[in-house]
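Undergrad: What Swiss-Prot records for this protein is below:
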type	residues	note
COMPBIAS	1-18	compositional bias 'Basic and acidic residues'
COMPBIAS	260-302	compositional bias 'Acidic residues'
COMPBIAS	303-316	compositional bias 'Low complexity'
COMPBIAS	317-336	compositional bias 'Acidic residues'
COMPBIAS	365-382	compositional bias 'Basic and acidic residues'
REGION	1-21	region 'Disordered'
REGION	260-382	region 'Disordered'
REPEAT	22-60	repeat '1'
REPEAT	61-92	repeat '2'
REPEAT	169-200	repeat '5'
REPEAT	241-284	repeat '7'
Amino acid sequence: MSVTDKRDEMSTARDKFAESQQEFESYADEFAADITAKQDDVSDLVDAITDFQAEMTNTTDAFHTYGDEFAAEVDHLRADIDAQRDVIREMQDAFEAYADIFATDIADKQDIGNLLAAIEALRTEMNSTHGAFEAYADDFAADVAALRDISDLVAAIDDFQEEFIAVQDAFDNYAGDFDAEIDQLHAAIADQHDSFDATADAFAEYRDEFYRIEVEALLEAINDFQQDIGDFRAEFETTEDAFVAFARDFYGHEITAEEGAAEAEAEPVEADADVEAEAEVSPDEAGGESAGTEEEETEPAEVETAAPEVEGSPADTADEAEDTEAEEETEEEAPEDMVQCRVCGEYYQAITEPHLQTHDMTIQEYRDEYGEDVPLRPDDKT
């Protein structure tokens, strides 16, 4: 290779180097500009990082503060939960005690042996009373039949009238011979005739008063007494239905067959109350009427005094019957083995807290209102 070629090659290499140098300088300028821009971006980023770190610090402090407050709230809540747990345990103990008392009361309520014994005793007493009333009914029927039989009195009146006619005929035969005596005798006979007429009128008035007033008054008194018996029967049936409904609601089933049979046996006894009421009236009535009949046969002038005695007997007998029924009701409604609730008036084997809760009361409020000595069980009555 010649020198010229070397020189040309070096010139070409110098030109290429110059171009490369220019390109490198251009690139260096661009790189410096990019470095400057990146430095500016880094500065901005550093500032942003600083601000973000400050915000993070504030946020961390806020989270720490919130954590402390939350921990305090949790501690307070745990304390409340512990207190509520103690209250719940106390309530649980109270409910368990109440459940024991309630189970005892239910067992007492379900024990109706005493009630069945009382019902059996009542049935026996009512059967005996039924027999007594039947005997009174027979006596009353016999007395009424005796009072209605006045054939002997009518026969005596007929005999008396025939005797009066015979005497009058005898005096007429002697009239011609003994005018003066006959006139006097006629006057005496006329007076006696007037007396007989007055006696007959008094007897007719008494008979009319007895059959129209006394007997009707007696029948009305009997009807009133039968009406009272019917009202009492209706009240008894209403009370029986209420008791059956209460027993069904309380025990959750109907009354047993044995109790139903007891009630069925009690109904015929009540149905015979009308006959028994008539039997109660009969002795006094029969005595008064028989006394009046004897006074008619012996002393006609005292006929009117017998009526008031007969008139007063049915009412007195009815009052005695009502007093007897009232005493029997009192004895039935106040059994010895039960105690009365002062609020509702019903009888129970014991006045318990669950029952008083139905009246919006407690045992202490019940004692405050009706006294500390108010009985809660049958043993407390003594």
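In case you wondered, yes, glycine gets a Cβ from its N, Cα and C as well.
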Undergrad: Going by DSSP, how much of the region 'Disordered' (1-21) is helix, how much is strand and how much is coil, in residues?
TA: 19 helix, 0 strand, 2 coil
Undergrad: Considering every residue in the repeat '2' (61-92), what is the mean pLDDT value?
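TA: Mean per-residue confidence for the repeat '2' (61-92): 89 out of 100.
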Undergrad: What are the DSSP helix, strand and coil residue counts for the repeat '5' (169-200)?
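TA: Computed counts for the repeat '5' (169-200) are 27 helix, 0 strand, 5 coil.
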